[in-house]
Amino acid sequence: MSTKAVRSIELARELGVKPLEIVKFIEKIRNIQFKKGTTNIKVEPDEIDKIIQHFKKEAKLEKIKEKEEKPVELKKTEEIKELEEKKPITPKIIEEEIKEEEELQLPGRFRREISFEKIEKIKPKPVPTKIPPKKFEPKKWLDIKEQKKVKDKNKKEEPAVTPSTAPRKKSIKIEEGTTVKEFAELIGQKVPDVIKKFMELGYMPTINQPVDIDAAQLVAESFGIKVEFSQTQELDIIEEVEDSPELLQPRPPIVTVMGHVDHGKTSLLDAIRKTKVTEQEAGGITQHIGAYKVTLQGKDITFLDTPGHEAFTALRARGAKVTDIVVLVVAADDGVMPQTIEAINHAKAANVPIVVAVNKIDKPEANPQRVRTQLSDYGVIPEEWGGQNIFVDISAKKRIGIENLLEMIALQAEIMELKANPNKPARGTIIESRLDKGRGPVATVIVQNGTLRIGDAFVAGVTYGKVRAIIDDTGKRINEAPPSTPVEVVGFEEVPQAGDSFTVVEDERIARQIANTRAQKKRLAEMQKAQRLTLQDLYEKIKEGEVKELNLVIKGDVQGSVEALKKAVEDITHPEIKVKVIHTGVGGITESDVNLAATANAIIIGFNVRPETKAQDLAEQLGVDIKLYSIIYEVIDDVKKALQGMLEPEIKERVIGRAEVRAVFKISKIGTVAGCYVLNGTISRASDGVRVIRDNIVVYEGKISSLKRFKEDVREVQAGYECGITIENFNDIKEGDILENYVLEKVPVKGL
C-alpha cells in the first residue's frame, strides 16, 4: 500500500491512461463530482491501490479481447486474398491503379479510359474539369476539402460567402441574458469587432457577459440589423405542476423552534439531539440558522433553530415560510415577551399551527398557568381551555417532558397529512449561505418537494449552478436528498441570498438564462428605486433642513447575520441623523469596501470578520474607521450611543504586528508551538492580546504565553525574523494562519 499522496496526472502517466479517467474513477470512490475539465487532483494513499487494481483489470480484459479477435482477422485477410486471385484483372494493372502519386499525374482523359470501379469511387468525374492541376501539389488533404467545397457549390448553386461579408439577416431576436459571444454570432460579426462597438458606446463587456439590451440595439443597427427583444418566459420554464394524488408520498414535518432570547430554544434542540450546541454560540446566543434531522420511533422530523433576538426578524420570517409546525418556546418564569408576540404573528401570517413548549418549569418562580393566560390574549388558546393549540410543560435543562413534546409534534404532523412527490425535480428554500475558501459558495437548503441529486442544474434567486456535492446535517456526503431534508449544497456560481427559492431545471443553459433574466430585472428595479430615493431624499432635505446621514458598510461571515444586522441598525431612529446602510457583503473586509467607505464618508462594521492587510493599511491612509464585533447587541448599542452622543472614552485597538504560521510543532507538557515568520511590525509578549485569523475570520482570541527565538525567551520579535509562539489555552493552530498582535489604547471620543 502506498504511503504518500500523488497527483492524478503523475498516476495517469505511470498507468498509461488519461488523467480524466483517473478523475472519473475517484469521483465514484469519493461519491462527489468535480468541476468540468478537472484533471489534476490530489490522490490519497488509500485510493492509489484501488486505482491501480481497477486499471490493471481493464488492461487484462483488453489483452484477452485482442487474443479473441486475432484469429477472426486472419480469416478475413485470407478470404480477401482468395477473392483477389479469382478476379480477371492482372496483378500489375492493380498495382498501378492503387499508386496515388502516379494516378494524380495522369491526364483526366487517359485515366477515364483505363479506369475500373475502384478508381471511379476515388475520383468522381467532375473533379478533373473543375480543379486545376496546381492544387494537387502542396498537400493532398487540401484537395479533398476543395473538392467537397466544389460539390457543395454545384448542389446549392450559390456563390461562396467569405467571412468578411455582411450577414444577410435583416432582423434578429435576442433574449435577456444573451452573451456578447452569442450576440456576435446572431448578427454574423466577429466578437472583437462587436466588443469595439460596445466600447465606443461606453460599455466594457467581456465575451461571456450578458449584453445590455439598449446597447445591443445600437450596435446591431450600426451593422444594418434590427433587433427584436423577446422576454424569457421564466414562469413557463419553472412553473409548478400540481401532482396527482397517487404520486404523493408521506414526508417528514419541518418544525421551526421560535421564541424570545434566552427562553431555551437551542437548549431544547440540544436536549433532543443530546449535543452541546449552546456552548458553541458567541455569548450563548444563536447567530445562524441551524437545520437538524432527528429520527424518533422510526419517523424523521426536521428541526430549524431560528435565532431569538428581535434583530433576526428576517431570518425568522423565512423560517416560517418553509415550516409546517411552529414550536413556540416560552419561559415559565419570564412569560410572554416582545419576540414571543412577533413569533406568534409570523406563524399566524404563514398559517402554521403552533405547539407551545412552556420551558423552565423546574425553576421555583415558574408559573405555567400565567403563560397560558397571557398567550390566550394573543389568540393562542390551550386545548384544555377549548382552543386548538397544544401546550406541553417541559424543562430542556433537566429533560422533563421532552418525550411528551415530541409525541405531540408527531401527532400534529399526522393530523396534517404532509405529502410530497419525490419523483420530480427538486424545489426548496435557501436557509443560509456563505463563501467557503476550499469549496466556493455553499448554501444550506431545505428540500420541500422532489429529490435533489448530484449533477442537477438549478436556479436560486439571481444565481445558478450545478450540484457538485450534497452534505447532510451530520457532515456525511450523500447522493440524493428527498423531501423535508436539510442539506448543504456545493456548486453555486455565486453566494445566493438566504430565503431565495431553489429550483432544479433541465440544464445549466436554462439555469443561466433564468438567473441572468432575474439579475437584470433586479438591477433595473434597484436603479429605479435609487432614482426615487434620490428625489425623496432631496425633498426631505429641503423640508427638514439638510438632515445628516450616518453611512455604514456592513460585512459579515454569513448572509443571514448581515441581513439581520442591516435591519437592526436601519431601525434605529434619531431626530437629527439618519442611519443608512450603503453596502453589505459576505467575507473579509477588502480594499474595495474601504474605497467605497472613503467615497461615501462611511464607517465599516465587520461582524465576525477581519480586514485584509492591504485593506487595513488603506483604511489608515484614507482615515476610514473600521469597527469589529462578534455580538450583535454591541453593534446596536454603539450606534445608539454614538447617535445620542453618549459614547464613553473609547479604548481603541492598535495592531502592532502580524506573523504567519509556517510550521506547527506539538511538544509534550507545553502544547502546540507555532513556528512563525513576522510579516510586519513587532510581535510582543507584553501586548494585550493576539488573534488567530484563518481565511479572514477570527477563530480564537487570547494572549501569548511564550515567545522564543532559538530556544531563548524574548520580549519581542521584529519583522523579517522567525520565532516560536504558544497561545494560552489554544492548540488548534494550523499552517497558513495569521497571528495578529495588538495593544489597547485610550483614545478621545470623536463619535462613531
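Just so you know, glycine gets a Cβ as well, placed from its N, Cα and C.
The feature region 'Disordered' is assigned by Swiss-Prot to 148-170.
According to Swiss-Prot, the feature compositional bias 'Basic and acidic residues' maps to 148-159.
Residues or ranges marked as domain 'tr-type G' by Swiss-Prot: 250-419.
As annotated by Swiss-Prot, region 'G1' applies to 259-266, with the evidence given as similarity to another entry.
In this structure, Asp262 (GTP binding site) belongs to neither helix nor strand by DSSP; it is coil. Among the features that Swiss-Prot reports, GTP binding site is placed at 259-266, 305-309, 359-362, with the record citing sequence analysis.
Positions annotated as region 'G2' by Swiss-Prot: 284-288.
The annotation region 'G3' is assigned in Swiss-Prot to 305-308.
Look at Swiss-Prot and you will find 359-362 tagged as region 'G4', backed by similarity to another entry. Residues 263-264, 267-268, 329-333, 368, 393-398, 400-401 of the same chain lie 6 or more positions beyond the ends of the region 'G4' (359-362) yet place their CB under 8 Å from a CB of it.
In the three-state DSSP classification, Ile361 (GTP binding site) falls within coil. Gly259 (GTP binding site) has a Cβ environment of 26 other Cβ atoms inside 10 Å.
The average pLDDT for the region 'G2' (284-288) in the predicted structure is 47.
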